[in-house]
């Protein structure tokens, strides 16, 4: 977008990317443009700037969780719920990815908090503040611009569930749907019309037909899983809150006729069922529902409604220290497997996280749920720092595209042209140059023959074709480096030889 100055069409080089709306790309473009204006060197190739909207989106989602909680519980419960969501594994991961999901989560959680207040006003037979109603619809509109129908679907299911539970349509009246739909249309329609005209309708074919409907009809991109997969995955992605929510669930269900429980169940349950029934599954699909579940944990812990005294609850809480143990063992094995050594600082930090998580068990057994949660949150903070701050430095093999880009200065000439033969990830385009040539082995040889300052990344499966073409073309490039690793996108081993020519 920044390079072409086109903020309507979404492209990767010349390839149309029409599976998602433009919202998150605008946020990323704004992040990079702002950094460039402030003098940040090489801002366009700084991956952290593209991840910044996700970090800010996750921060906004955590604050919105607290704000949502304040409408239905005291400050202790709201703070415990918001801090608990911030401590989850999925929050730590998604805040560090340059994807749509954290920004979408922020809009969904704001809509959730606004819906709570509108619902409570409906029960009190009074009009909700106009600002809250406007916030709800603006959040829905922003969600549409980020990821299409996801936020409207979740909110729509919640509204329908609340109306059915109360046997009343009063909530629909308080939502001022006519005004709200006009706001959503005013936000989304201009871009939708422009992209529809510019793509000749291709955006709607790709995003609705090929992306959304195909995912609903059957598993796509090797991400199929049966119903119940999200429930199983939540024990990892929602750690450390998953065991606490299991213990909170009986209290939540017992209070299902109380407004606080009713609105949490309405937001989480229908949408969760929808996601479970869709054949295509990825762990982050249900993330917009997690803040509601986190608030259920906070409320039951603060109000003494957790089923702490049950034997099964006391056994289940042992899963809290299992999280750091599994992560420490798993990442230590991965470091040994990829790097051939051990990361002692990471092991020490992992042991500390395990000790803190284990310290969450005795207070829970003594009925002090909030104290237990604080220890679990501390364990999560240490474990997050250990993984992203210590383990990551020994996992370069998981980022072969970055290592390929890092070989370019070895050519000894400025701004080399580049081509890649074989498997590549989109990040290689960002890390090298946007005119990166995507070709095969023979094409890479012809590319080098053109002379000047050039580099070719040749994957091992293209090596034979590349060598044959070198002989035919009469080219003798310099062998610059060898790079091997594991491509996270597809979890496959890749190996490259980097060749270069210079004036």
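Heads up, the Cβ atoms here are built off N, Cα and C, so glycines get one too.
Of the candidate ranges 342-362, 405-425, 426-446, TrEMBL annotates residues 342-362 with the feature transmembrane segment. As annotated in TrEMBL, transmembrane segment covers the listed stretch 369-392 rather than the other ranges in 201-224, 369-392. Of the Cβ pairs linking the transmembrane segment (315-336) with the transmembrane segment (285-303) and spaced 6 or more residues apart, fewer than 3 are under 8 Å, so the two regions do not touch.
By the Cβ criterion (under 8 Å, sequence separation of 6 or more), the transmembrane segment (285-303) is not in contact with the transmembrane segment (177-197), since fewer than 3 such pairs are found. With a threshold of 8 Å between CB atoms, the same-chain residues lying at least 6 positions outside the transmembrane segment (229-253) that come near it are 84-85, 87-90, 261, 264-265, 272, 275-276, 281, 283-287, 290, 293-294, 296-297, 299-301, 305-308, 310, 313, 316-317, 319-320, 323, 357, 360, 369, 372-373, 376-377, 379-380.
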